[in-house]
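Going by TrEMBL, these are the annotated features:
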ACT_SITE  Asp8  active site, nucleophile
BINDING   Asp8, Asp10, Asp176, Asp180  Mg(2+) binding site
BINDING   Lys153  substrate binding site
Amino acid sequence: MIKAVALDVDGTITDKTRKACISAIKTIRTVEDMGIPVVIVTGNISCFVNALSILFGTTGGFVAENGGVVEFQGETHVLGDIDKCQRAYEFLKSNTEGSSSVEKVEYSRYRVSEIALNRSIPVKTVKDVLKEWDVEIYDSKFAIHLTDPSVNKGSSLKFLAGKMGISTDEIMAVGDSENDLDFLKASGVKVAVSNAVPELKDIADYVTEKPYGDGVAEAVERFIL
C-alpha cells in the first residue's frame, strides 16, 4: 500500500521551461485530499521548496538541495557538508580553461549544503577536473550540482520516512533526471516520466507515456486512484 508520494520538481512537476504543470498540481491536491502525504524531493534551495510546499498544500515535508536538507513538521535538518563542496568549486574555477564559465546559479547564497553551477560548462569537464575530489556531481538538466557524497535524495528520503513513521517501500517516487536515481532506488514504486533520462527509465517499475506533470497524473491514476 502506498502511504506517501515523493515528487521531484524540475522536469517532473514542471515542464522544460520550469513552469508548474496544472495537471501535477491538481494531482497533488487529489492525493493530499485522500490523506496520502506528498513529499517534494528536489535540488532546489529549501526556502523555495518551502514556498512550493505551502502553495501546493503538501504535508509530507521535503528534501532539498539533493538530500543536503530535510524539513519535516517545522524542523530543518542540514545533512550535507557545504564546505567540501565549496573547496571543490574553488579548485574547479582555478583549474578550468575559460573559468568565467564556472559560475554558481542565482540565489546560491541561500544554499547551505551543496554548490549548484550554471550549465554553461559541460558536466564532463566538471567531472574530469574534480575526479579526485570527494564530491558527487549531478546534472539535473537545470544545473550542475556539487554535493556531499555522504547524502543524496535517496538517503535523505529514508531519513524523512523514518520521521514520518513509514518505510520507503511504502513510497511511490516520480522523477526525470540523473539526480533522481538514488531516491527512486530507495522507493517501493519507482516511476520515470516519459521525458526522463535513459538511466532513470532503466531502473523504473513504470515509465509514463506522458511527460512532465501529465506523467505525474498518469502515475497516480495507475497506482493510487
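Using the three backbone atoms N, Cα and C, a Cβ is placed for every residue, glycine included.
Taking Cα separation as the measure, Lys153 (substrate binding site) is nearest to Asp180 of the recorded positions Asp8, Asp10, Asp176, Asp180. Distance noted between the C-alpha atoms of Asp180 (Mg(2+) binding site) and the residue listed as 'active site, nucleophile' is 7 Å. Neighbour counts of Cβ atoms within 10 Å were compared across the recorded positions Asp8, Asp10, Asp176, Asp180; the minimum falls on Asp10. Report note: the Mg(2+) site is defined by Asp8, Asp10, Asp176, Asp180, and the residues of the same chain whose CB lies within 8 Å of the CB centroid of those residues, excluding them, are Val9, Gly11, Thr12, Thr42, Ser140, Lys141, Gly175, Ser177, Asn179, Val193, Ala196. Counting in whole angstrom, Asp8 (active site, nucleophile) lies 8 from Asp176 (Mg(2+) binding site) by their C-alpha atoms.
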